[in-house]
Ligand SMILES: Nc1ncnc2c1ncn2[C@@H]1O[C@H](COP(=O)(O)OP(=O)(O)OP(=O)(O)O)[C@@H](O)[C@H]1O
Ligand SMILES: [Mg+2]
């Protein structure tokens, strides 16, 4: 039995990394989710449905058969990307609320390249679409980065504002220069078969983009914990003054975090365009950029945690449809449950504290 | 008021208190008491367990074993609120105040009787004014805590504890951050509190302070209580022996620097104004030769910190030039200067020196981009750990290993990590600000030896310290800083104390 502070001292509750008491933090996250589900159960019961069968339907819808598993993982692809995007920004001590807009630019860039160069061999075409999506997302995120470093503009505000700029600018493109030849809807022409990613599981929509994302998660983990760049990023995020005093190029590191963050959000746009819609559309993202914030927080801003949290949120979203059709629980209730997860994740520090207290009792 | 010796029930009594962190025992069956009206000093090396014991008293830690009694009644302290309710107030080594809030808001924070939702701030302000009046503690209830000096913040901590009705006071190294004048002021307050029957635990590394203010002294060594003595019946020498278990002597400079040694650090006409336009450095000149220690003596707040930060590149001066080994570094960032061999031991180690990661990760902050810490951008965790283990051994850092979060180290041991990190690079120029603040006598001697060793190796050292003894023992030359200027220079063997203090207080022209 080891002694633990009965109450936390003034130190901010921030991720301290692999050497911290990570196990307890993971436990706190899981408890936060369970508490949210418990509150959700009360709401479902008030609605007049048996919570057990409702959650059963939700689980069934998310993981019940091969197809539902595939749908859940398909949904986890963009959420993992945006979750990682936000996590990298957090690690560097900045907030990227702009993943939504960066995602839109990524999607538009991917579609533009795919439509412009349909005759490239797939081995060239696929990487160039992916690359241009990431570059577009990165460039769009550079804007708030420069505004912050040059003028001290708070990125919390600029990134969120630039989302609207991005969304409306993309709408302009989709009604204008990029509009489909038929000329009805705000969307591009359908992409050529050559641009699509091969299926991962037969007769489902899950494509090998999921494997790519797993690779990105592994790479992110490696970058954060095993490279000097990731180390310096974390130091800047924890205490920029210490970083400066230790001779780190704080400005360049912050810019690099914005770029990586934007590139990851752009990748989410690519995955949606190529893997789901097969074209760029208005409203490509039902808030993946914002859900990414919650995914990043729930995942403790660590890449592996983000992956787990993304799958959880994907399951909640995918399973909600089944819960609605099978049990008559409105899918808005599932949205409320997601909101509850947010609340409990924010209050997770209290759970952490309670766990510590039990540890010392 | 009964005299302390005659008090039948001690105000606070600990018996058999044991605190373990994992397998490490920080407090081993400690018996300790303090009577009302008594000042009981607690001495011990860095990491001996003083702060840990007091965190138990303040309800911040639950001991694995042992009992706590207040006025003879056994109590259980589950939280700092329990402790406060029983009249225990703590002035922490690292203050526990909310900087953006006012003094009154800090004092009232979380206090139910002020009103939970609509606190009656007018009454709080009046009460605080009354308290500060009664004890001669200069505190403005409306001041923003973040704007106050360290000494001012400390007064706020004391007033806050008094406002919350503290009858038992724990002061953890209150004098470490104070100038000698301010220490006198603090002692006046403590004496007044003692007269009013307050029980006090006083932690300090400075034996003369302990001898002056305390009634009894207890000495901790490696988690164990080795002795409790009446202050009148002991001596500084005996206490030092009890603390480290042997005799020791503080080293000092003896040889001289050849006058033709090359200048390694040169600053000319440095001028720096802070964000509010107040001049902090006002045409300051400084040059340090190879193998020379230049001491900067002065009363705190006369530009020492600004000087150090301008030298290291954390701030950029508005005018003046700066050279390291003949290279102009005016306007360059800290990275460039570190590359040229500059090392910084910052004054404010919590804010500038360490980051909330493991000891190992803190040990390589400045060298992360070079082998062995990393190769081609890839970290070598084993090399980092090995380096940290060497540092821990060389600098005698008391810890459980390189993976321990540095924030859980005792203050003195954090300082050893910072020093080890800076000195292990074999720097050419060292800017050391208050390098022994918060260190015990043994560790202080160790740091002094390290600085002298660096001097022998050929480093140019700027030693900024408000400890006159330290400056006098180590410096080849002493420069006196006052209001952002060097107002006098005294070679080592020609230092008259009265002249020095006249210069420091601005009462003599150079
Ligand atoms: N949360 C913790 N986890 C692990 N070890 C700890 C923790 N807190 C303190 N320690 C260890 O307990 C020992 C005693 O620390 P403490 O802070 O009580 O020393 P101290 O006597 O106050 O020293 P100083 O004079 O340097 O302030 C140290 O070795 C420290 O590393
Ligand atoms: Mg201490």
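Placement of Cβ uses the backbone N, Cα and C atoms for every residue, glycine included.
Bear in mind that the values here come from a model prediction, so they are computed numbers and not experimental data.
Here TrEMBL flags A:26-49 (among others) as transmembrane segment. Remote same-chain partners of the transmembrane segment (A:26-49), defined as residues 6 or more beyond its termini with a Cβ less than 8 Å from a stretch Cβ, comprise 55, 298-300, 305, 309, 312, 327-330, 333, 336-337, 340-341, 343-345, 347-349, 351-352, 355.
For the transmembrane segment (A:69-90), same-chain residues at least 6 beyond its ends with a Cβ under 8 Å from one of its own Cβ atoms are 62-63, 96, 99-100, 102-103, 200-201, 204-207, 209-210, 213, 216-217, 220, 224, 233, 237, 257-258, 260-265, 267-269, 271-272, 275-276, 285, 288-289, 291-293, 295-296, 299, 301-303, 306-307, 309-311, 313-315, 317-319. The transmembrane segment annotation in TrEMBL covers A:69-90 (among others).
The transmembrane segment feature in TrEMBL is assigned to A:97-117 (among others).
Residues annotated as transmembrane segment in TrEMBL: A:155-175 (among others).
Annotation source TrEMBL lists transmembrane segment at A:206-225 (among others).
Residues 77-79, 81-82, 84-86, 88-89, 91-94, 96, 98-100, 102-110, 129-130, 133-142, 144-146, 148-149, 155, 216, 229, 232-233, 235-236, 240, 284-285, 288-289, 292 of the same chain, all 6+ positions outside the transmembrane segment (A:246-270), place their C-beta atoms under 8 angstroms from a C-beta of that stretch. If you look up TrEMBL, you'll see A:246-270 (among others) marked as transmembrane segment.
The transmembrane segment feature in TrEMBL is assigned to A:290-316 (among others).
Residues 29, 32-33, 35-37, 39-40, 43-44, 47, 49, 54, 57-58, 291, 294, 297-298, 313, 316-317, 319-321 of the same chain lie 6+ residues outside the transmembrane segment (A:328-347) yet bring a C-beta within less than 8 angstroms of a C-beta in it. As annotated by TrEMBL, transmembrane segment applies to A:328-347 (among others).
Residues 15, 22, 25-26, 29, 32-33, 58-59, 62-63, 72-76, 79-87, 90-91, 97, 99-100, 214, 217-218, 220-221, 224, 265, 268, 334, 337-338, 341-342, 345-346 of the same chain sit 6 or more residues outside the transmembrane segment (A:290-316) yet have a Cβ under 8 Å from a Cβ within it.
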